[in-house]
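As given in TrEMBL:
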type    : residues                       : note
BINDING : His83, Glu84, His116, Glu117   : Fe cation 1 binding site
BINDING : His259, Glu260, His292, Glu293 : Fe cation 2 binding site
REPEAT  : 97-137                         : repeat 'HEAT'
Amino acid sequence: MAVSGPISSSTLDSLRSTLLNLSGHTPLAQRFRALFTLKNLGKLSSDSDSSLKIQDKPDTLVSDAAIVVISQGFADPSALLKHELAYVLGQMGNPKAIRVLEDVLQDEKQEAMVRHEAAEALGALSSASSEQLLRKYLHDNERCVRETCEIALARIDWARSQSIGQTKGSALSPPQFTSVDPAPPEILSSSFSSDSDSLDNIKSLQQKLTSADLPLFERYRAMFSLRNIVGSHVNVKVQKAAVDALAAGFDDDSELFKHEIAFVFGQLSTPHSIPALLQVLKNDNESAMVRHEAAEALGGIVGEPPLDSTSETVDVLSILKEWSTRSDAPRIVRESCLVAIDMWEYENSNEFQYANGLDTTTAEITVDA
């Protein structure tokens, strides 16, 4: 990402106004775009050798200011938005977000899915200072919070082992997957010298993925390994096998686990996952936490060409539009469908990037991917 021009306090004020809906009539999708613009600016500032500072406030880093703005959104009534705020704070890589995320985790008035995302973000930041709090919430009343704290603690342990060299040869994800994942992919024993080796790896990974006897962290590692196989393999048979292996995870009884499967499908944007995602979205007995993630994943897949001629074409956009207005759908599902539709509109527009919140400000800056 490249930035030209200064970043002023008026730029951040404009993004803040959009994100927090200060006007009272800002569409949710536009607020999401403002959020991811702040994420990009904040992460850019954190990663830069010379951290970006606000033009008219030279003592203030853009990354720190972005965290302040984002943290103000946790008073919003939308659980979907707050969940996304926590996710973004974890992805920005700035330790200044830790205190905010710890406060959200401890706030039992927040929705469980928001608190879970705060715990996951603490795992992404991997600070030893968060371990005591995460251990405390291993006994939370909400299962998804308990499970997320378990995974976050395991990730912090893993990150610690990386920093002191106890784990060698860490598997790297393909370049299209830039997220800080809740668990690293496994280091696969096979060199993928043949499609047969890949299929054997997929079978082994599916066994781990669906094994309720294994720690969730290990099952997540299998999940992200399967994602990487889909993302890096050119053989359609292998891709489909890995997608089917991931979809088998939807039979689990953990809403946290299933929601992560849907998130991974969103990263992959493969049409072969559409039937499984639609089944989740339409299932009234499924957790809203899982259904919302399925809806957002579908938004990134609409319009993608099928893997081969045998794949059935489904009018996903019409289904998303239907569920965005259904009175019997949970609010978070309806809102996720609206965000998914906005993602489709972006994919089918001439817009350069999704996080284009700066286009609605008077900023003197351009952000390029």
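Backbone N, Cα and C atoms are what each Cβ position is placed from, and that goes for glycine too.
Nobody curates TrEMBL annotations by hand; they come from automatic prediction.
Computed from a predicted structure; not experimentally measured.
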Least Cβ-packed of the binding-site residues His83, His292 (other Cβ atoms within 10 Å) is His83
Fewest neighbouring Cβ atoms within 10 Å among the binding-site residues His116, His259 goes to His259
Within 10 angstroms of the C-beta of Glu293 (Fe cation 2 binding site), the count of other C-beta atoms across all shown chains comes to 29
Using a 10 Å radius on the Cβ of Glu260 (Fe cation 2 binding site), the other Cβ atoms enclosed count 26
Those same-chain residues, other than His83, Glu84, His116, Glu117, found with Cβ within 8 Å of the centroid of the Fe cation 1-site Cβ atoms are Ala79, Lys82, Leu85, Ala86, Tyr87, Met113, Val114, Ala118, Glu120
Cβ-Cβ distance under 8 Å, sequence separation of 6 or more, same chain as Glu117 (Fe cation 1 binding site); the residues meeting this, in order, are Lys82, His83, Glu84, Ala86, Tyr87, Gly90, Thr148
For Fe cation 2, residues beyond His259, Glu260, His292, Glu293 with C-beta within 8 angstroms of the site's Cβ centre include exactly Glu255, Lys258, Ile261, Ala262, Phe263, Met289, Val290, Ala294, Glu296
Students should find that the Cα atoms of Glu260 (Fe cation 2 binding site) and His116 (Fe cation 1 binding site) sit apart, in Å rounded to an integer, by 12
Across every protein chain in view, the count of C-beta atoms other than its own within 10 A of the C-beta of Glu84 (Fe cation 1 binding site) is 23
Nearest by Cα to His116 (Fe cation 1 binding site), of the binding-site residues His259, His292, Glu293, is His259
